[in-house]
Every structure is written in structure tokens, then in C-alpha cells.
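Participant: I am attaching a structure below and will ask some questions about it afterwards.
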């Protein structure tokens, strides 16, 4: 089709004007939090270490995710501009899903960094040198591009039989695939494969990392060292929960959530891409003294 029509949040079309205000405020906080983080880490040589390089990558990913969705969402809510061209829809879909995968990978890399810092503190700089960090970030980016690109090619080959109204506020893979004519089982199966591969692998690695951190932390001889070791991980755990909980809900609701009210599903899908970019700079910026001193 030449274009799709995004309707925003189904059954809440009249309330969307007011819903847009908290979305806009959260997007502003995400911009004001993540852009300074990137600039400070880039400008300050003492922050060029694994922890802050991963944080910079997380801030960049959050900016891409929120900017890929929120401006278009606000134009739908405030101005009623729901029309989006087919190539633009596929492009938006690619950036949303690819950088969601990247964010999951960066959170896993950050868990690895915390594991090495607490369990092998004397070898931290040698194990996670700058070239290793750059290689990990490159691997995470390549993984996101390679896993998400086939979804765009699959949809590009579909026929849509004049169906062009998307009951969503942005172009999500399954929301678009549901409009296609014929059998879309390949889209469903591949989407589930990617979701469970990425989430399953990363959650297992993160869980193992924190299990080892807890094991080492409880054996530290110093009473002051134990809470310090645990406090360094608290912020990361909050960020992980804020990202994976709505992410899993959104992935599964499209496939198995026929009984979930559409407004609830679409609202959570929007918050899934907006809450982490808003919280991440606040959590890491406030709790990281070295970074806060530079601010």
C-alpha cells in the first residue's frame, strides 16, 4: 500500500489529546537526560572506561528508541496526522525492534561489567579493555541489525488487500503483519523466535551474572564492602525490570493476548519505549557519584 493510517490508542481517541502531555514531558526528560550524558562522557577522558562507555551506548539507544516513536505519536494525538508511508513505516519498525534488541544487549554487557568489577576487581581493566568494550558494542549492534532485518523483508513481500488502518500509535511488526493477506505464520514464528532468543539469552546471562555477584558479595570480609557491592547493582536491576517487564508483556500480547483490552495493550507498548529512556539517565546519573560530579 502507498501508506498506512495509525489511529493511536484504540477506544481512547478522544482522550489522546490529554494523554499526549505526559508523553511529551517524559520525552523531554529523556532528551534532557540522555544528551548531556553523551556529551559529558565524550568530553571527559576520565570517564572513558567500560561502565561509562556502556552507559553512553545505552543513552544513544534510548534516544533512538524514543525519537523513533514519540514525535509521530504526538502528531497523531495532537494533530490527527496518522498517515505514514509504507517505506517510512518499515523504517520506523526496523529502528524500534533493532534498537530494542540493542538495548537488551547493552544491559547484558553492563551486567557483565558489574560481574567482572565485583568478582575480579584486580583484572577488570585487563578483561574489559576499551577494544573489548568496542567489540562488544559492535557485536550487539550487528546482532540487532541481522535479527530484525528479515522481518522488514518478509513484510515487504506481503500483499495487504487495501487494509491500511493500524490499531496502534507506531509501526510494530505484528500490528502491521496482521493487515497482510494470506498466511502470516512465518512472521509470527520468526517474531517469536527473535523475541525468545534475545530475551531468553540475555535474561539468563544477566541472572547468572547477578547470582555470582550475590555469591561473592555475601563472602566479602568487610561489612562496608558488602552494601557497596550490592548498591552498585541496585540501579541496574531497576533498569532491567523497567525494560523487560513491559517488553515481554508487549511481545506476548500481540500473539496470545486476545483477552487483553486494546487500550491497555497499546498504552503499555508506548510506555515500554518511553519509560526506560526517561528513567535510565535519572537512575544512573543520580546514583553514580563520579558522573554526578562531572555534571
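Using N, Cα and C of the backbone, Cβ positions are placed for all residues, glycine too.
So TrEMBL lists the following for this protein:
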DOMAIN    33-284  domain 'G-protein coupled receptors family 1 profile'
TRANSMEM  20-40  transmembrane segment
TRANSMEM  52-74  transmembrane segment
TRANSMEM  94-116  transmembrane segment
TRANSMEM  128-148  transmembrane segment
TRANSMEM  188-213  transmembrane segment
TRANSMEM  233-252  transmembrane segment
TRANSMEM  264-286  transmembrane segment
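Describe each of these features in terms of where it is and what it packs against.
Facilitator: Sequence-distant contacts of the transmembrane segment (20-40) (same chain, six or more residues past either end, CB-CB distance under 8 Å): 47, 55-56, 59-60, 62-63, 66, 70, 73-74, 77-78, 270, 274-275, 277-278, 280-282, 284-285, 291, 294-295.
Here the transmembrane segment (52-74) has long-range neighbours at 6, 8, 20, 23-24, 27, 30-31, 33-35, 37-38, 41-42, 84, 92, 95-96, 99-100, 102-103, 106-107, 109-110, 113, 130, 133-134, 137, 140, 169-170, 270, 273-274, 276-277, 280-281, 284, 288, 291, meaning same-chain residues at least 6 beyond its ends whose C-beta is under 8 angstroms from one of its own.
Same-chain residues lying 6 or more positions outside the transmembrane segment (128-148) and placing a CB less than 8 Å from one of its CB atoms are 48, 50, 53-54, 57, 94, 97-102, 105-106, 109, 112-113, 116, 194, 197-198.
For the transmembrane segment (188-213), the residues of the chain that approach it from at least six positions outside its boundaries are 97, 101, 104-105, 107-108, 111-112, 114-115, 118-119, 143, 147-148, 150-151, 154, 173-174, 177, 229, 233, 237, 240, 244, 247-248, 251, 255, judged by C-beta separation under 8 angstroms.
If one looks beyond the transmembrane segment (264-286) by at least 6 residues along the same chain, the residues whose Cβ comes under 8 Å of a Cβ in the stretch are 8-10, 23, 26-27, 29-30, 33-34, 36-37, 55, 58-59, 62-63, 65-66, 68-70, 73, 96, 100, 103, 167-170, 172, 235, 238-239, 242-243, 246-247, 249-250, 253-254, 257, 292, 295.
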